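Colleague: Reproduced below are the annotations present in Swiss-Prot:
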type	residues	note
TRANSMEM	30-50	transmembrane segment
TRANSMEM	60-80	transmembrane segment
TRANSMEM	113-133	transmembrane segment
TRANSMEM	143-162	transmembrane segment
TRANSMEM	165-185	transmembrane segment
TRANSMEM	211-230	transmembrane segment
TRANSMEM	242-262	transmembrane segment
TRANSMEM	285-305	transmembrane segment
TRANSMEM	336-356	transmembrane segment
TRANSMEM	362-382	transmembrane segment
TRANSMEM	401-421	transmembrane segment
TRANSMEM	425-445	transmembrane segment
Amino acid sequence: MAISEASKSSHELPVTTAESSGKKATAKKLTLIPLVFLIYFEVAGGPFGEEPAVQAAGPLLAILGFLIFPFIWSIPEALITAELSTAFPGNGGFVIWAHRAFGSFVGSMMGSLKFLSGVINVASFPVLCVTYLDKLFPVLESGWPRNVCIFASTVVLSFLNYTGLAIVGYAAVVLGLVSLSPFLVMSAMAIPKIKPHRWGSLGTKKKDWNLYFNTLFWNLNFWDNVSTLAGEVDEPQKTFPLALLIAVIFTCVAYLIPLFAVTGAVSVDQSRWENGFHAEAAEMIAGKWLKIWIEIGAVLSSIGLFEAQLSSSAYQLEGMAELGFLPKFFGVRSKWFNTPWVGILISALMSLGLSYMNFTDIISSANFLYTLGMFLEFASFIWLRRKLPQLKRPYRVPLKIPGLVVMCLIPSAFLVLILVFATKIVYLICGVMTIGAIGWYFLINYFRKTKIFEFNEVIDDLDNNVNGEHPKVDDHNS
């Protein structure tokens with residue numbers, strides 16, 4: 001399709017940053033190393049949470065999963081994120097991509113599905129944190145002490161996010177290094193005890209494929225979430241591809257080394273491989289001191305995961321407000337810290353309400369909604385190559401459209417498995433949320449037409465925007 005033939009909606013999306021909005025321009029704060037660790041915490045945060053893959057399918061399939069899955073999922077998703085984030089470096093992220101490809105309805109659906117999956121994912125981290133803490137403090141296993149701990153941790157960590165992305169970025173560096181250090185010690189101490197034949201075990205005959213695939217997916221996805229922070233990055237065209245490359249390698253190594261070490265050194269009943277088992281394995285390998293160290297690392301990792309995911313969700317809401325998909329007040333920033341406090345508050349409150357769900361249902365629901373969003377993302381990526389071939393892309397995936405189709409079809413097959421193996425409660429939760437996302441689009445249009453809320457209006461001409469020039473946002477009602 002020729003660029004001049006691209007259809008235009010009534011409020012075509014631009015790529016906006018703080019500089020192109022009505023806000024006072026501020027210096028971008030994310031440089032390479034903090035961005036690498038934010039991506040790392042968007043995706044992984046360490047080997048915490050990989051244990052159920054062994055419980056579901058045995059050591060061999062767990063190892064193969066973490067070896068192969070990055071090639072069929074993580075790398076393609078990271079490549080797409082690198083190309084589109086550098087072509088459209090704004091806080092709208094994947095919302096911009098979907099809208100530019102297919103229009104406002106698809107852009108709105110993409111934003112809603114990814115936001116809902118994001119806040120559900122945020123809800124899982126206080127739960128994971130308390131799951132490790134209750135091994136040190138059994139009183140947190142259930143009842144009101146556990147609920148109070150989840151509530152308090154959510155409030156405190158949300159306030160940390162409010163203090164600024166620069167603080168969150170550098171905190172992620174420290175949290176990442178400290179939380180990984182006990183695993184390096186454990187892996188080194190496990191070497192004399194490793195028996196390689198244990199790696200070939202298939203475990204029990206009955207496999208829990210739902211748990212297996214959801215564990216792999218949950219531990220190795222969300223690479224594109226960092227796209228909602230693109231407007232806050234120094235030189236995103238250069239920084240994003242390099243940061244994603246480093247993060248992919250770093251994340252895969254962080255999963256595989258402890259997995260090889262523990263499955264090779266420890267022989268236990270497969271049912272014991274549940275969330276938190278790495279801490280028990282550390283005690284078997286080196287003693288209680290290492291178990292405590294890993295549990296402390298798990299808490300720190302959960303903090304990093306929470307901060308990174310909450311940042312993405314909050315800045316996504318700000319980006320959608322900048323682009324006219326949400327009322328302007330969603331993009332309000334703090335006068336003290338220049339952070340999108342409304343986005344942080346809404347994301348934190350929603351995640352708090354969801355954090356009392358069953359942990360497995362939390363993961364499965366986040367994966368299901370994310371899967372629906374990824375189908376839209378793959379389609380948007382390919383269609384933008386066809387629709388806007390002359391668009392300036394500082395980083396371009398080195399494939400033509402047929403190759404891109406194949407690259408996207410392989411992970412799409414895995415997405416189908418996620419949908420097929422979902423449970424009834426997950427279908428129910430995600431069905432209601434998807435219907436709600438459709439209704440939200442029409443409700444927002446009603447608000448815009450009746451001027452109940454104030455929206456940004458964006459005037460964009462794709463014919464004059466193929467070289468990466470980003471039109472301004474008119475700061476008035478649409």
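Any Cβ shown, glycine's included, is placed from N, Cα and C.
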Colleague: At a C-beta cut-off of under 8 Å, are there same-chain residues at least 6 beyond the transmembrane segment (401-421) that contact it? List them, or none.
Modeller: 69, 72-73, 76-77, 79-80, 209-210, 213-214, 217, 367-368, 371, 374-375, 378, 381-382, 385-386
Colleague: Counting only residues 6+ away from its ends, which parts of the chain sit with a Cβ under 8 Å from the transmembrane segment (60-80)?
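Modeller: Beyond its ends, the transmembrane segment (60-80) has Cβ neighbours at 43, 50, 53-54, 199-203, 207, 212, 216-217, 219-221, 223-224, 244-245, 247-248, 251-252, 255-256, 259-260, 263, 374, 377-378, 381, 397, 407-408, 410-411, 414.
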Colleague: Please give the sequence-distant neighbours of the transmembrane segment (143-162): residues at least 6 beyond its ends with Cβ less than 8 Å from one of its Cβ atoms.
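Modeller: Result: 126-127, 129-130, 133-134, 168, 171, 303, 306-307, 310-311, 314, 334, 337, 339, 341, 344-345, 348, 351-352, 355-356.
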Colleague: Need a quick answer: max count of Cβ pairs under 8 Å to the transmembrane segment (285-305), which of 113-133, 165-185, 242-262, 336-356, 425-445 is it?
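Modeller: Selected stretch: 165-185, with the most Cβ pairs under 8 Å.
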Colleague: Which listed stretch (113-133, 165-185, 242-262, 425-445) has the most C-beta pairs under 8 A with the transmembrane segment (336-356)?
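Modeller: So the stretch in question is 113-133.
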Colleague: Do at least three CB pairs under 8 A connect the transmembrane segment (425-445) and the transmembrane segment (242-262), leaving out pairs fewer than 6 apart in sequence?
Modeller: no
Colleague: Which sequence positions outside the transmembrane segment (425-445), separated from its termini by at least 6 residues, show Cβ-Cβ distances below 8 Å to it?
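Modeller: Contacts with the transmembrane segment (425-445): 104-105, 108-109, 112-113, 116, 325-326, 361, 364-365, 368-369, 372.
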